[in-house]
Amino acid sequence: MSRTRAALLGCGRYPYAVSREDSSHHMRSAKDFFAPLAVGAPTPVTEVPARPSRMIHFFDPSNPKMAAKVPDMVGVSDVLLGNLEDAVVADKKEAAREGLVTIAKETDFGEHTQLWTRINSLDSPWVLDDLTRLVTEVGDTLDVIMVPKVQGPEDIHYIDRILAQLEAKGGVQRPILVHAILETARGMANVEEIAGASPRMQGISLGPADLAADRRMKTTRVGGGHPGYLVRQDPAKGADGAPDYQGERPVFQQDLWHYTIARMVDACAMHGIFPFYGPFGDIKDTVACEDQFRNAFLLGCVGAWSLHPVQIEIAKKVFSPSAEDVAHARRVKEAMPDGRGAVMIDGKMEDDASWKQCMVVLELAERLSANDPELAKMYEEA
Ligand SMILES: CC(C)(COP(=O)(O)OP(=O)(O)OC[C@H]1O[C@@H](n2cnc3c(N)ncnc32)[C@H](O)[C@@H]1OP(=O)(O)O)[C@@H](O)C(=O)NCCC(=O)NCCSC(=O)C[C@H](O)C(=O)O
Ligand SMILES: [Mg+2]
């Protein structure tokens with residue numbers, strides 16, 4: 001039974017299948033929000049660190065070939081994520097968990113690459129061991145725990161408390177952050193509450209494959225567009241002045257994910273956390289992958305998942321502002337140092353609001369180039 005259905009029937013095996021009103025009773029007061037949830041746990045962060053996270057590169061720690069590549073990917077990928085959930089088959093779950101513990105212990109991730117994990121879903125038989133083993137063994141190396149199929153703030157509250165308990169038990173020095181995947185209709189409906197459910201919330205990713213299934217969309221893909229989701233140009237008029245329905249009519253493929261990404265971006269921005277596009281499953285279609293990533297970037301996302309090494313470079317390119325945009329932003333800043341008033345640049349009006357957009361671009365460029373000398377050089381020459 002789904003949680004939504006369990007909640008509707010007021011029964012079921014999910015003790016946290018509560019209504020939104022009920023869930024608000026579990027909210028901490030503003031004063032307590034930044035207090036540790038267990039004695040001995042580290043103090044929660046008041047601001048999510050804005051570390052470069054253009055790509056979250058997935059690897060299966062139970063796959064020896066992939067695991068062997070991890071040390072060489074440090075410094076190449078902003079985030080390396082040891083995946084324990086979907087794509088890891090049931091009889092490899094323990095090997096994946098133990099593989100990740102070994103990788104976390106034996107790899108020096110340096111200053112610029114974060115180590116994340118995606119744990120199994122909260123209704124699975126593996127999740128408790130995932131959390132217990134990883135947090136107590138390698139909690140100080142793990143930056144972020146990605147939680148799949150988050151349905152509402154109650155899921156984050158559960159993770160929040162248990163992480164605090166395990167951090168205290170394992171003597172973890174800094175709080176592990178939490179990233180939710182938006183992949184159910186109920187999660188989508190609760191996205192604003194999920195984003196603000198805990199000071200641990202680092203960000204949210206779109207999980208288009210599970211979300212499509214849960215919404216009963218009629219697609220069979222992992223992210224990206226669909227040729228059937230389109231608009232068609234109106235028919236031209238025929239010789240008799242009536243619409244010519246038989247004539248050529250261009251079609252324009254539409255973005256299946258526009259609404260979802262835009263809503264996720266708003267929820268994240270409202271709560272000071274980071275939005276991400278998720279996976280693009282057609283590994284060979286690097287062009288459409290770049291398009292999907294760029295749509296997400298333009299709408300406000302800071303990164304996307306990379307499932308194959310080839311997607312790391314795509315994400316790096318897309319989620320770093322272009323030299324052209326950085327150069328333009330600098331011109332606007334030079335023309336309006338304090339961001340007030342209105343000026344004309346290349347025939348276009350720039351004012352406080354476009355100045356603020358330029359500041360977003362410049363801040364991102366600065367942050368990224370601090371870790372990336374090649375990018376720094378490109379921006380310097382822009
Ligand atoms: C997609 C893959 C199964 C493709 O693997 P493969 O057929 O082996 O690709 P290649 O032959 O091109 O691989 C070349 C070499 O690169 C290594 N490789 C491949 N992928 C990775 C990787 N992710 N990290 C590190 N190294 C990788 C291969 O081992 C080859 O090595 P070698 O033989 O030594 O040259 C595979 O890429 C893959 O499994 N990727 C990860 C898939 C995954 O994590 N899926 C889950 C995330 S998506 C999801 O869960 C959906 C989401 O939740 C939602 O609901 O939307
Ligand atoms: Mg999924």
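A Cβ is built for glycine as well, from the same backbone N, Cα and C atoms used for every other residue.
Feature list (source: TrEMBL):
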| type | residues | note |
| --- | --- | --- |
| DOMAIN | 55-221 | domain 'HpcH/HpaI aldolase/citrate lyase' |
| BINDING | Arg118, Glu183 | substrate binding site |
| BINDING | Glu183, Asp210 | Mg(2+) binding site |
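In the three-state DSSP classification, Arg118 (substrate binding site) falls within a strand. Taking a Cβ distance under 6 Å to any atom of ligand 2 as the criterion, the binding-site residues Arg118, Glu183, Asp210 reduce to Glu183, Asp210. Here the binding-site residues are Glu183, Asp210, and the one ringed by the most other CB atoms within 10 angstroms is Glu183. Sequence-distant neighbours of Arg118 (substrate binding site) (same chain, 6+ residues apart, CB-CB distance under 8 A): Phe58, Leu81, Gly82, Asn83, Leu84, Glu85, Ile145, Met146, Val147, Pro148, Ile181.
The distance from the Cα of Asp210 (Mg(2+) binding site) to the Cα of Glu183 (substrate binding site) comes to 5 Å. Following the DSSP three-state reduction, the secondary structure of Glu183 (substrate binding site) is coil.
Secondary structure from DSSP puts Asp210 (Mg(2+) binding site) in a helix. Here the domain 'HpcH/HpaI aldolase/citrate lyase' (55-221) returns a mean pLDDT of 98 for the predicted model.
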